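Below you'll find the structure, written out as structure tokens, and then a few comments.
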Amino acid sequence: MAAKEPSPIVKSYLILYNAAQVVGWCYMLYQLIAYYTIDKGTEKTLWDYLGFTVILFQNAALLEIVHAFTRIVPSNPVITTFQVLSRVMVVCGVVMATPTGKVSPGLPLAILAWSVTEIIRYAYYALNLIDAVPQLLIFLRYTTFIVLYPTGVTGELLCFFWAQSHVTNTKQWSIEMPNTYNFTFSYLYFLWAVMLLYIPLFPQLYLHMFAQRKKILGSGSSSGATKQKHN
């Protein structure tokens, strides 16, 4: 079901939201590059260097779930929820939560893939709202995911994997028997369960993007893309 044309107030809000996200992710990409170039040799870890930016703008994406469920944008609520919560889980439940997650080799991979993807995606959304999406941006929106999605997923899974050693040793956020509530919970098993969910879900999301690519670029026209209003 397509979303109706947003009211002027909602439209202005969506433009500002997406524009702010473009600025934030551009700054994050700059920080990532600066960490390995002009600030190379700093005693800070990558997470210490740009963690606040990641926390702020990745968690701001939670608003996209609200946008989807309230139908002010036509995004699929289920797909949007998985995409957003999977990243929030990496940021809050893995990297922020564990010292080993912060030093995972997957962290720079994930941030690189996320930042480039989000700069393109949010710029597309903002310009789409004013019917001003250039053909190059449409092409990038429906092409760069071919490399960036697998790169991001690899980075995310590496963060999960690196976090496990700390969770195993400390039994962090786990509840063992016996206890008053006769309840047990293993955060380590939970991490593994989330990792295993990538097996059935990632191919579906990846193929969904290929289907969208064929739909948008297959016609060889940008008009179809610019008529689809997104968040």
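Including glycine, each Cβ sits where the backbone N, Cα and C put it.
Unlike curated entries, TrEMBL annotations are predicted automatically.
What TrEMBL says about this protein:
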- 12-34: transmembrane segment (TRANSMEM)
- 46-66: transmembrane segment (TRANSMEM)
- 78-97: transmembrane segment (TRANSMEM)
- 109-127: transmembrane segment (TRANSMEM)
- 139-163: transmembrane segment (TRANSMEM)
- 183-207: transmembrane segment (TRANSMEM)
Of 78-97, 109-127, 139-163, 183-207, whichever stretch has the most CB pairs under 8 A to the transmembrane segment (46-66): 78-97
Spatial neighbours of the transmembrane segment (12-34) far in sequence, C-beta under 8 Å, 6+ residues away: 6, 46, 49-50, 53-54, 56-57, 60-61, 63, 67, 72-73, 108, 111-112, 114-116, 118-119, 122-123, 125-126, 129-130, 231
Outside the transmembrane segment (109-127), six or more residues from its ends: residues with CB under 8 Å to it: 14-15, 18-19, 21-22, 25-26, 28-29, 32, 46, 50, 54, 57-58, 87, 90, 133-134, 137-138, 140-141, 144-145, 148-149, 151-152, 154-156, 158-159, 230-231
Chain residues outside the transmembrane segment (78-97) and at least six past its termini with a C-beta under 8 angstroms from it: 47, 51, 54-55, 58-59, 61-62, 64-65, 67-68, 104, 107, 110, 114, 156, 159-160, 163, 172-173, 191, 194, 201, 205, 208
